[in-house]
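> From Swiss-Prot, for reference:
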BINDING   GLY38, TYR123, ASN176, ARG362, ARG374  substrate binding site
BINDING   TYR64, ALA98, ASN99, TYR123, ASN176, TYR207, SER230, PHE231, SER232, ARG241  pyridoxal 5'-phosphate binding site
MOD_RES   GLY2  N-acetylglycine
MOD_RES   LYS233  N6-(pyridoxal phosphate)lysine
Amino acid sequence: MGSFGMLSRRTLGTDMPVMAQIRSLMAELTNPMSLAQGVVHWQPPQKALEKVKELVWDPIISSYGPDEGLPELRQALLKKLREENKLTNSQVMVTAGANQAFVNLVITLCDAGDSVVMFEPYYFNSYMAFQMTGVTNIIVGPGQSDTLYPDADWLERTLSESKPTPKVVTVVNPGNPSGTYVPEPLLKRIAQICKDAGCWLIVDNTYEYFMYDGLKHCCVEGDHIVNVFSFSKTYGMMGWRLGYIAYSERLDGFATELVKIQDNIPICAAIISQRLAVYALEEGSGWITERVKSLVKNRDIVKEALEPLGKENVKGGEGAIYLWAKLPEGHRDDFKVVRWLAHRHGVVVIPGCASGSPGYLRVSFGGLQEVEMRAAAARLRKGIEELLHHGMVE
């Protein structure tokens, strides 16, 4: 005992969560300002919180619920999926966040040794979900250099040439960490490529409402497609841990397999969180879009802070809550830059190496209100200018 040789090779081979490393870094600092974690600055709707407050003493809140989720929440989600996402043939399972939804799907769809496809820069938690479940052949495809959109031509070649065919392709739309989005024609083409190849497509729609400058989010539906959604960012419910899976109602046995996984991880999402979600949905998507509008100013503030890197080196800001910035040549060790920015300038961001892209930074503009965002951006700009002109001065 006490030897690493006694621990699971799967977990030993899984990346350390970057946010756990960032939290440790922040604990070393005095008054750091975080542009790191993907959070929003608002809380759930006040009316919804007031209703939940009245339920705290109800014994049902402390009980287990159906594995798939409360019936009233699932019905509300089906209505939302039909009306807003145009998903008319889907069923849903409620999960303890979108990350847990993704893990459920990986365990349901993949066997150890299967190959899967992601696109660079990828969402680090999804990559880790594959690692920890024994999916060791993770094929990482390129994003287009000018847009970071998934390269569909590369995907078509890869799926046709790989033997056996990869089991799953996954995309995040809009992108985390890229802050870009997948236009509808491209998303439909990716879906068709996956269908023709006989592989699953998982689309993470966590940031579905976070679209800017008139751009529109869209979903695709099919028997080979599974969509993942989240309440965390939309309704400011990060700590309430609630997400859901939308899958084709025509898939025989799929729900049964999901229940097996669900019953052995959370059993069910927290009942009080599900009740809050029911009440939050009553506020409608307009409640979300009003708050997302406030992020446009934040995005522009952070973009301005990143200008010294050159506009061609800053991508994203089309959707989600992220900008994706390329560091100057000679600074490929992005985690070293992150630590330096934190200790020298008191601002914290995420290294691109966590998403398979050394030499980049992910900068979140969702977690602070405008006044604080300006202060954090000022620290970031000062740090970047010093990095460019003098290097990492101690």
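Heads up, the Cβ atoms here are built off N, Cα and C, so glycines get one too.
Quantities reported herein were computed from a predicted structural model and do not represent experimental measurements.
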> What residue among the binding-site residues TYR64, TYR123 has the most other CB atoms lying within 10 A of its CB?
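By the 10 Å Cβ neighbour count, TYR123 comes out on top.
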> Looking at the binding-site residues listed here (GLY38, ASN176, ARG362), whose Cα lies nearest to that of TYR64 (pyridoxal 5'-phosphate binding site)?
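That would be GLY38, nearest by Cα distance.
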> Sequence gap of 6 or more, Cβ distance under 8 Å: name the residues on the same chain that satisfy this around ASN176 (substrate binding site), in order along the sequence.
GLY38, TYR123, ASP204, THR206, TYR207, ALA320, TYR322
> Just jot down the residues in the same chain as SER232 (pyridoxal 5'-phosphate binding site), at least 6 apart in sequence, with C-beta under 8 A of its C-beta; none if empty.
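Set apart from SER232 (pyridoxal 5'-phosphate binding site) by at least 6 residues yet with Cβ under 8 Å, we have VAL39, GLY97, ALA98, THR206, MET238, TRP240, ARG241, LEU242, GLY243.
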> Among all chains shown, work out which of the recorded positions LYS233, ARG362, ARG374 has the most CB atoms within 10 A of its CB.
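Highest number of other Cβ atoms within 10 Å: ARG362.
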> Around the Cβ of GLY38 (substrate binding site), how many other Cβ atoms lie within 10 Å? Please give the count over every shown protein chain.
21
> Which number gives the other C-beta atoms within 10 angstroms of the C-beta of SER230 (pyridoxal 5'-phosphate binding site), all protein chains shown included?
23
> Does anything in the same chain, at least 6 positions from ASN99 (pyridoxal 5'-phosphate binding site), have a Cβ under 8 Å from its Cβ, and if so what?
ASN125, ALA129, GLY243
> How big is the gap, in Å, between the Cα of ARG374 (substrate binding site) and that of SER230 (pyridoxal 5'-phosphate binding site), rounded to a whole number?
28
